[in-house]
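In case it helps, TrEMBL gives these features for our protein:
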ACT_SITE  Glu423  active site, proton acceptor
BINDING   Thr138, Gly177  FAD binding site
DOMAIN    17-132  domain 'Acyl-coenzyme A oxidase N-terminal'
DOMAIN    134-245  domain 'Acyl-CoA oxidase/dehydrogenase middle'
DOMAIN    278-438  domain 'Acyl-CoA oxidase C-alpha1'
DOMAIN    479-655  domain 'Acyl-CoA oxidase C-terminal'
Amino acid sequence: MEGVDYHADERSKAEFDVEAMKIVWAGSRHVLEVSDRIARLVASDPVFRKDNRAILSRKELFKNTLKKAAHAWKRIIELRLSEEEASKLRNSVDEPAYTDLHWGMFVPAIKGQGTEEQQQKWLPLAYRMQIIGCYAQTELGHGSNVQGLETTATFDPQTDEFVIHSPTLTSSKWWPGGLGKVSTHAVVYARLITDGEDHGIHGFIVQLRSLDDHSPLPGITVGDIGMKFGSGAYNTMDNGVLRFDQVRIPRNQMLMRVSQVTREGKYVQSNVPRQLIYGTMVYVRQTIVADASTALSRAVCIATRYSCVRRQFGSQNGLETQVIDYKTQQSRLFPLLASAYAFRFVGEWLKWLYTDVTQRLQANDFSTLPEAHACTAGLKSITTTATADGIEECRKLCGGHGYLHCSGLPELFAVYIPACTYEGDNIVLLLQVARFLVKTVSQLPSGKKPVGTTAYMGRAEHLLQCRCDVQRAEDWLKPNVILEAFEARATRMSVACAKNLSKFSNPEDGFAELSADLVEAAVAHCQLIVVSKFIEKLQQDIPGKGVKRQLEILCGVYTLHLIHKHLGDFLSTGCITPKQGSLANEQLRSLYAQVRPNAITLVDAFNYTDHYLGSILGCYDGNVYPKLYDEAWKDPLNDTVVPDGYHEYIRPLLKQQLRTARL
């Protein structure tokens, strides 16, 4: 029945102020109000419909995305939206498009690496979208190993130009979003060569297409790399291939904030430190962590709402049991719900970190930069991995119906999983974190104090010796007990790796041999960061009836589930005893029971419209089955009762004589 709230009983169980929790999730009342207004504006606009993506051909799909992007820009101009509101609108459209890379990579690269003069020239054009940019770094043969890129930019002093060239097939730029069919310009990363000397990778602004007729400029070969995983999903994006054949650009189109090439061809470093480049990287990775909490919370919202609607087994007379009441369902779903909140709060903290790092860099203070770089790399890795795995788990939690496109989960998964490899392959990033951790451990004897998220290692002597004093299950709810257990685990794993590395005469051989252990040490460190930021959130003033209590429960679920999942680490490093591990599991089961009556309202606090969720299983009113039934009849296969191809292929089979069969 339309207009009936099938989740009303669940919502009546709430033990907290849901509206107050919405503010906590959004970050502020202002952000909540902006998000709510923009999301409803998008949901009410027929141009932004998204339920037909799976049945469109690639060309139709792509053209439809171009239409939406143009319409979004038109609405931004008409409504005079602020930068914040415009960003919310693009996110609410919920479709990968060339604008993601224009605003998310091209513009930040120029802001971070361009001189003031270059910014004054290029940014106004980009802000008005009179040029459309992308970020051309990854190549066919190299991605994570940026120093291995092959594209060259050779300075020609005779003409005061750089010659951009792709010397090999594997030097073809490959994957940049927006490149395939749309971008007019790109920030291209290439090996800078002056007077035969290779100065490493630098960025260059290169025009790719004519601003008159959009045709590729001379010497440029450019196109789309083809269909990707899924049907609609990320295929709305024109990921591209790009080759240069001796393409000339003016010298002043090298991004020169950090280093320059003079008119005479001399390579010089500016007084602006090279480390400034990492500021852009910190910015991009903090947005990826924020996106992880959004994607995971969407999947969790769908799975939670459907788990309350779906009933299976359990009763011989009367209603069957709600799937969400099964402990197996809770033990798989509720840690993902807690993770969504945990990633939200660490994402908030990363925004602060980016601001702090930027201010320090501008004051020539680079003391926290290596730690911030390692921290953002590691958090990008663990949050995107957990989110990709979590979306798939949510699909399985919805049973067979989760496999339907209209559940919203297959497309959400297909759109999200590239995050595990773009902006750094997740394992490679964890190895970078591990290098930093080992270096931090090696400097401890010299008295150099670790900073930021590694400050706990300054207490390594205590953390290597301490013993967890949990006596009862409820002791695991004490923040200091949780923190010390995670700090001890991270410290002991990092110290063990450093000790084992010291046994190798060649450190690189040791690093290669011990890489699996190093990855695990990096994961332990990064999980500690998320746990500590969740606990810090709880120490703030959190208004609203029962809101803080719910967050304490979720924090307990997140931390104790990690202990359960990584129990081997905690036991093998001696951080806790088997008995204490058993008590942690006991307390975790108790917390699941406390989450249960609030499950629906905890996902309501995400404040997602049905349009944004794009899921029949996750619709707000819970009226799932009639909607599933109606949706089935919309499929093009049901346009005719007798299928196309019946007379050619089915009828001849059915009418053949049995005696002619040779089985």
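Using the three backbone atoms N, Cα and C, a Cβ is placed for every residue, glycine included.
Keep in mind that this is a model prediction, so the values were computed, not measured.
So where do these features actually land, and what's packed around them?
Less than 8 angstroms from the CB of Glu423 (active site, proton acceptor) sit Val284, Arg285, Ile288, Lys380, each of them six or more residues away in the same chain.
Taking a C-beta cut-off of under 8 angstroms and a sequence separation of 6 or more, Gly177 (FAD binding site) has the following same-chain neighbours: Pro96, Tyr98, Asp100, Leu101, Cys134, Met237, Asp238, Asn239, Gly240.
Mean predicted confidence for the domain 'Acyl-CoA oxidase C-alpha1' (278-438): the pLDDT average there is 93.
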Applying a 10 Å Cβ distance cut-off over all chains shown, what neighbour count does Thr138 (FAD binding site) have?
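Taking all protein chains shown, Thr138 (FAD binding site) has 20 Cβ neighbours within 10 Å.
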Quick check on the domain 'Acyl-coenzyme A oxidase N-terminal' (17-132): DSSP residue counts for helix, strand, coil, in that order please.
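Going by DSSP assignments, the domain 'Acyl-coenzyme A oxidase N-terminal' (17-132) contains 90 helix, 0 strand, 26 coil.
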Would you mind splitting the domain 'Acyl-CoA oxidase/dehydrogenase middle' (134-245) into helix, strand and coil residue counts from DSSP?
10 helix, 49 strand, 53 coil
